[in-house]
Every structure is written in C-alpha cells, then in structure tokens.
Amino acid sequence: MRVKHKPWAKDRLEEFPAIYIKNPEDFKGQWREVFGNDNPVHIEIGSGKGQFISGMAKANPEINYIGIEMIESVLVSALDKAIEADVSNLRLVARDAKLLEECFEKGEIAQIYLNFSDPWPKKRHTKRRLTNPTFLTIYERLLPEAGEIHFKTDNRSLFEYSLVAFSEYNMLLTFVSLDLHNSDYEGNIKTEYEEKFSAKGFPIYRLEAKFDRN
C-alpha cells in the first residue's frame, strides 16, 4: 500500500501527549503508571488508521490499549479516531515491531492483535511477516503465560503460512475461523480493511493462539 506522506503528521501527533507517546522506551515496565491503573495492557501491531483499536478501547474500558503503527502519516489518522472516541484507556506509539522489546518489559503485555498485516507475498520477504518465528520470539517474551495473539486477515496464503508458523513454534491454537463473518463469533470489531474486503465478498480468516510454556 502506498502511503501519502504527511509532513505535518509528527507535529500533529506531538500536540496530543495524553494520547501519543513520543518516547515509549522511557516507559518500559511502567505502562500501568502511564494509564494510572493496574488494568491489563493489550497492543495492536500495525494499527493503521485506528478504527479497530479505538473501537476496542471504547467497548472495553477495563482494558488499556496501545496502538502501534510505524508510519506517522498513517498513525495521525488513528489519532483523529482516538480523539473522537474520547477514551482514557488508549495510547498510540510510532515504532517498528522489531523494537517492541525496547518499549515493553517481559510479560508486560496481556494480549497482542495482528489485523490485516502486510502479507509480504514474495519468498525473500518472508522474515518481514509479523507471524514469522522471529516476531513470535518477541511476542513470547512480551506475553505472560496466559497471554494470547489474535490474528485476522483476508489473505488466505498469509493465514495458511501463519497456521503453520504457529504450530511449528509449538503454539496452542484456541480458535480458528475460515469465515469469521459467517461464524458464531461475537464481539468482532472491524478494521477499515475488514469492511472493505468483506464488502467485496472475501472471507475473513481469524485465529487465537497462545504459547505452550510446558
């Protein structure tokens, strides 16, 4: 996806320090202090324009949410949605997923959402996929024993790749749907991409998984 560069995005984000965390590394191990409570922290990696993470924060005030999107020109749209949602349990961060361990302490994150991640279809780009074992190693360190990864995509190839990657990593698959919108699953909050692709008749794939610590 080609992103239109917005040279003013960084300044706009920094105008809202109550939402946008400019230096998340400063709060490693201290995110409960950022939110002012002991509620669990959930993160979405690749938040895009923020429809999902804002919707989740509004629907679940007892959970703290952090939307992570490395492109500031995209994250600024998530900022607008966060402002509109008018919630106190949402923060936004501009960082690459490879740097998550610089921002969060071991076991500090209760749940991770991966929604419509870039499929990186070329074989030479496999390591860039957010469900690649390199990233799974990072997630395993961030999540506590009961922590889960929730993954949604419209891309069948990426979903099949992820099923194999999770299984080979010895993860436990606790939920799998090959057509989410025609399943019994309740409480789904759609992303912008999800609305777009489902409107065209594409099935949405979803799974939940956790690490087998035994």
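Any Cβ shown, glycine's included, is placed from N, Cα and C.
The model shown is predicted, which means the values in this text are computed figures rather than measured ones.
Here is what Swiss-Prot says about this protein:
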type: ACT_SITE; residues: D118; note: active site
type: BINDING; residues: E44, E69, D96, D118; note: S-adenosyl-L-methionine binding site
type: BINDING; residues: K122, D154, T191, E192, Y193, E194; note: substrate binding site
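Shown here: features listed in Swiss-Prot, placed on the structure.
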residue : record                               : CB count, 10 Å
E44     : S-adenosyl-L-methionine binding site : 23
E69     : S-adenosyl-L-methionine binding site : 25
D96     : S-adenosyl-L-methionine binding site : 12
D118    : active site                          : 13
K122    : substrate binding site               : 8
D154    : substrate binding site               : 19
T191    : substrate binding site               : 23
E192    : substrate binding site               : 16
Y193    : substrate binding site               : 20
E194    : substrate binding site               : 23
Residues flanking the S-adenosyl-L-methionine site, with Cβ no more than 8 Å from the Cβ centroid of E44, E69, D96, D118 and excluding those residues themselves: I45, G46, S47, G48, I68, M70, I71, A97, S117, L130
Length of the line joining the Cα atoms of E69 (S-adenosyl-L-methionine binding site) and T191 (substrate binding site), in Å: 14
Nearest of the recorded positions (E44, D96, D118) to D154 (substrate binding site), judged by Cα-Cα distance: D118
Mapped DSSP class for D96 (S-adenosyl-L-methionine binding site), helix or strand or coil: coil
Cα-Cα distance linking T191 (substrate binding site) and D118 (active site), given in Å to the nearest integer: 14
Pairwise C-alpha maximum, in angstrom, for the residues (K122, D154, T191, E192, Y193, E194) that bind substrate according to the record: 25
Secondary structure of E44 (S-adenosyl-L-methionine binding site) (DSSP, helix/strand/coil): strand
